[in-house]
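Annotated features, as they stand in Swiss-Prot:
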type	residues	note
DNA_BIND	80-270	DNA-binding region
CROSSLNK	269	ubiquitin cross-link
MOD_RES	13	phosphoserine
MOD_RES	17	phosphoserine
MOD_RES	26	phosphoserine
MOD_RES	98	N6-acetyllysine
MOD_RES	117	N6-lactoyllysine
MOD_RES	161	phosphoserine
MOD_RES	247	phosphoserine
MOD_RES	262	phosphothreonine
MOD_RES	293	phosphoserine
MOD_RES	299	N6-acetyllysine
MOD_RES	311	omega-N-methylarginine
MOD_RES	313	symmetric dimethylarginine
REGION	44-88	region 'Interaction with WWOX'
REGION	234-272	region 'Interaction with E4F1'
REGION	251-258	region 'Interaction with DNA'
REGION	303-314	region 'Oligomerization'
MOTIF	283-299	motif 'Bipartite nuclear localization signal'
SITE	98	site 'Interaction with DNA'
């Protein structure tokens, strides 16, 4: 009766499972063990180690080095060239108040402006250029040791979500309120520029105004890094031939009025010759210096006596 209570598949079986049977040595294996040396016997009994699959990470390329922007192969000219059409620039009169967002110094030929604020630039011509004429704006570094570097925004401002849908994030100069603006990257020089069609002045006006924005501070690390820049404005025909050129220095800062006053005072103290202001500018140049020196105050002389006469007294 107890035998019948056991399960049909006996737990104890004289037949070993196939995996265990493979681990046991047969009589032939034992004979070969003694016939061969111990080193060969160990090689026979040891199962070959399975080859580990090659990890996918090993096929990845080495990390790329930090990006270094290429140097430009050429430096645009910054010399003033009115051309046959008398091309020149002008700026709206603005003072040095603390609240001003954009101000131009004729004595320095320098524009001081805040980040991303409107900077009106007037275009003056003596005669109307041909149809298809374009106006190009490009920034370059002023000092000779930096001229071959391309002016671009700092990495922080490149990542800012302030795009107007037209300008690439690395471009410093933008045109405000003009959907026909084209932002170009030169394949040969790697320089950035923005081009707009030239529009003749409206009725009753003598100049055309383009509103520019500067999208990075002059002090930004990784960008201009306190290096002075120039903005070159060129007048070109439809084929890209030069019709006129003018330029001015730009400083993008938090307080344009204060910085303009400071630089003009330093300029007068140095006594440097005053550059000619643009013919279209409505702001007069500041005097470069004066020969008169402040008169010292006269000190009262001790030991003098004065007589005071009073009328109406007995």
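Just so you know, glycine gets a Cβ as well, placed from its N, Cα and C.
The Cβ of the residue listed as 'omega-N-methylarginine' lies under 8 Å from the Cβ of no residue that sits 6+ residues away along the same chain. In this view, residue 161 (phosphoserine) is surrounded by 5 other Cβ atoms within 10 Å of its Cβ, with every protein chain counted. Each residue contributes its Cα atom, and for residue 262 (phosphothreonine) and residue 98 (N6-acetyllysine) those atoms are 13 Å apart. DSSP assigns residue 117 (N6-lactoyllysine) to coil in the three-state reduction, placing it in neither a helix nor a strand.
All protein chains shown were included, and the count of other CB atoms within 10 Å of the CB of residue 98 (N6-acetyllysine) stands at 8. A gap of 25 Å separates the Cα atoms of residue 247 (phosphoserine) and the residue listed as 'ubiquitin cross-link'.
Regional average pLDDT for the region 'Oligomerization' (303-314) in the model is 69. Ranked by Cα separation from residue 98 (N6-acetyllysine), the recorded positions 117, 161, 269 are led by 117. Cα spacing between the residue listed as 'ubiquitin cross-link' and residue 117 (N6-lactoyllysine): 30 Å, rounded to the nearest whole number. DSSP labels the residues of the region 'Interaction with E4F1' (234-272) in these numbers: 15 helix, 14 strand, 10 coil.
Each of the recorded positions 117, 269 was assessed for Cβ neighbours inside 10 Å, and the highest tally belongs to 117.
Packing around residue 262 (phosphothreonine) is summarised by its Cβ count: 12 other Cβ atoms lie within 10 angstroms of its Cβ, all protein chains included. A straight line from the CA of residue 161 (phosphoserine) to the CA of residue 117 (N6-lactoyllysine) spans 16 Å. Every protein chain shown contributes to the tally, and the Cβ of residue 247 (phosphoserine) ends up with 21 other Cβ atoms within 10 Å.
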